[in-house]
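Going by Swiss-Prot, these are the annotated features:
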- 1-27: signal peptide (SIGNAL)
- CYS32-CYS86: disulfide bond (DISULFID)
- CYS45-CYS69: disulfide bond (DISULFID)
- CYS54-CYS81: disulfide bond (DISULFID)
- CYS58-CYS83: disulfide bond (DISULFID)
Amino acid sequence: MATKSVSTFAIFFILVLAIFETPEIEAYDRKCLKEYGGDVGFSYCAPRIFPTFCDQNCRKNKGAKGGVCRWEENNAIGVKCLCNFCSEEPSDQTLSRI
């Protein structure tokens, strides 16, 4: 019986943490990620190279610390190049759509 209550408490605790962390992630995206601009998403993100053209051009032309490609879920061509002004951490985006 004690195991069941501990498990229930653990699940509840993890759920609460997940709910409270979500707004921070969204706030980070709004503050740090800005769209490159223009209709460059597919041409900057489609070539399978590292670093992507998105990352290279965000650094060179916009003064950002990096660039990230965000693909739309239902549309393979719908992609945006977002310049990251907060973090230089590279992403695994080049391997995510192979």
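Glycine is treated like the rest: Cβ placed from N, Cα and C.
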Within 10 Å of CYS81 (disulfide bond), Cα to Cα, which of the disulfide-bonded residues CYS32, CYS45, CYS58, CYS69 are there?
-> CYS45, CYS58, CYS69
Whose Cβ, among the disulfide-bonded residues CYS54, CYS58, CYS81, CYS83, has more other Cβ atoms within 10 Å than any of the rest?
-> CYS54
Cα-Cα separation of CYS86 (disulfide bond) and CYS58 (disulfide bond), in Å?
-> 12
Just name the winner among CYS69, CYS86 (the disulfide-bonded residues) by count of other CB atoms within 10 A of its CB.
-> CYS69
When you measure from the Cβ of CYS32 (disulfide bond), which residues in the chain that are at least 6 apart have a Cβ under 8 Å away?
-> ASN84, PHE85, CYS86, SER87
Based on DSSP, name the secondary structure state of CYS69 (disulfide bond): helix, strand or coil.
-> strand
Provide the three-state secondary structure of CYS86 (disulfide bond) computed with DSSP.
-> coil
Please classify the secondary structure at CYS54 (disulfide bond) using three-state DSSP.
-> helix
